[in-house]
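Annotation source TrEMBL lists CoA binding site at 201, 202, 203, 204, 321, 539. Residues annotated as ATP binding site in TrEMBL: 401, 402, 403, 425, 426, 427, 428, 429, 430, 515, 531, 542. Here TrEMBL flags 547-629 as domain 'AMP-binding enzyme C-terminal'. Look at TrEMBL and you will find 553, 559 tagged as Mg(2+) binding site. The feature N6-acetyllysine is assigned by TrEMBL to 629.
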Ligand code: 6R9
């Protein structure tokens, strides 16, 4: 294909529009663009009235709120402030006495393939029992509990039990290292840690409890009084007398009734750590009322949820997607959901398709990185290919975590959705609590690679550095102009950082998302162009470049200086490239390989395997301006293998570029 014809083809691909079928529109909760526009108009005419009406409709309040939005201490917005409720009550008790009580809440499929069904009634009993366990350990309303668990029903039980007694949970992804865990336990001041002895992933038994022990000992986590261990596998682990106990033994000793502790709408439901542009992760604090409202509403709107749906979100509970669309949203909405413990490639790359067929999944929500890796594995093997499976149960597909490239979108649409299922490309963040910009299955014409339009009530816009709107077609900074119920409330323990990171003065009080975006000239559709700060997105995981740099320079016997940048990668979206100055000589050949490996393993130990640089390059120095600033844009070009075309006249040491241009 000539260059021109491929250019024409890619423009054609991007201009393709997929309208929802008449049948989908007719059956949808938001049927057609007029219905969508009517909701947007309602929110615009009476912003607070719009949200108040939904909060009354979608949630059960123990004490009704009288004030919808309190902006008196902006940007510390408060929603439904004087209202009282409980999140676990809204996810479980609320369904008792309705037909949902005997409905399956969770279809759990273990790594090895064993399947368990748990009804709403059964889940309520288990959550109550575990809530009583926490209470018996002295955990009280407002205390923090760290959850370091595999993807299991017990993980959700632990989260719901915290919510039930008003304890604020902080889930740490099971792939994080002892060091990362320790930092989070200490920052949150957790009184208890809930973990499992091991986790099963891809047929392998991986330790969790041992990492908790290491974290607590090394990090001197004085606040932790108890460690409660879910026995996932029969393998024994070290148990500390007086501190540690087994979840099943504790639960067996407790009643399965535990009245929900009623809390104020602004009570912190959870703190979830995410990467920002400094070395220290941010504890994103979410509320109870506003957060839960949006988790529930977006289940209805974005996924057009019906009673009969079998919903499957593949995200881990360690990430925000696993909070909003596994632990809270589906339960608040009374849905049946699939929870999967394992990995998409075990025992082989058809695992997802097998599970969709077996459990008759109707809504499938996953990340572009999973799709891209499965395309690679399945396209070369007929037996693994989705066409060898009956995926006719599917009606809606979703994508989340990073931009989905039009090729991956088309493959997903054709091979998984059978050209029948709308794809909702949902743009949102840990800080937004729930979806922000997304198509609606029964309304929005789809354009591959575009997350299309904001949900009703959500005021996203693209502005320049002074906060002025830019015209469609011009790129700019993505902001949200008005507050919304599920927005981040603060950074745990650091309100100043919250203000500075998300509400910089020059942006007129708008919420700064940290992403660049552009709207199409014809439809005004949003397309996210990627982060504008020092945050990378590797396989849909957020990683701060400074975090990785701090980890590298913490290897003080070896490393003098390090700079980390991202490089586009076909499979993982972005890949991590580290430029490292060692204390000794610049290594070459086998030595360089050995040292690079040592550093990669070091980063895995400091943060977690997801933070391992894909490539490490050594140099005697880093490119710096005369004032000593590292020129990251040059490093980004070098990482991509591009010729450096930028102005290098301010560079202190231009010869360094040749050295850093070489891969080891
Ligand atoms: C939900 C989640 C947030 C960052 C966000 C953006 C990227 C997420 C996206 C997307 C393009 C989408 N992102 N969804 N980019 N299209 N549909 O992923 O939260 O882990 O906090 O990451 O992910 O860059 O700013 P989180």
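The chain as shown is numbered from 1 upward.
Glycine is no exception: its Cβ is also placed from the backbone N, Cα and C atoms.
Just so you know, TrEMBL annotations never went through curation; they're auto-generated.
Counting other Cβ atoms within 10 Å of each Cβ, the binding-site residues 553, 559 show the lowest value at 553. In the vicinity of ligand 1, defined as a Cβ distance under 6 Å, none of the recorded positions 201, 204, 553, 629 are placed. Neighbour list (residue 401 (ATP binding site), Cβ cut-off 8 Å, at least 6 residues apart, same chain): 315, 321, 367, 368, 369, 537, 540, 541.
On a Cα basis, residue 403 (ATP binding site) lies 27 Å away from residue 202 (CoA binding site).
Restricting the average to the domain 'AMP-binding enzyme C-terminal' (547-629) gives a pLDDT of 93.
Among the recorded positions listed here, namely 403, 426, 428, 629, 403 has its C-alpha nearest to that of residue 539 (CoA binding site).
For residue 403 (ATP binding site), the nearest neighbour among the listed recorded positions (201, 204, 553, 559, 629), judged by C-alpha distance, is 201. DSSP states for the domain 'AMP-binding enzyme C-terminal' (547-629), grouped as helix (H, G, I), strand (E, B) and coil, give 28 helix, 27 strand, 28 coil. For residue 531 (ATP binding site) paired with residue 629 (N6-acetyllysine), the C-alpha to C-alpha distance reads 21 Å. Proximity of residue 203 (CoA binding site) to non-local residues of its own chain (separation of 6 or more, Cβ distance below 8 Å) is seen for 111, 112, 346, 347, given in sequence order. Here the binding-site residues are 202, 403, and the one whose Cβ sees the fewest other Cβ atoms within 10 Å is 202. Here residue 204 (CoA binding site) is positioned 32 angstrom away from residue 426 (ATP binding site), judged by their C-alpha atoms.
In the three-state DSSP classification, residue 531 (ATP binding site) falls within a strand. Residue 321 (CoA binding site) carries a helical DSSP state (H, G or I).
In this structure, residue 403 (ATP binding site) belongs to neither helix nor strand by DSSP; it is coil.
Cβ contacts within 10 Å of residue 201 (CoA binding site), excluding its own Cβ and spanning all protein chains shown: 17.
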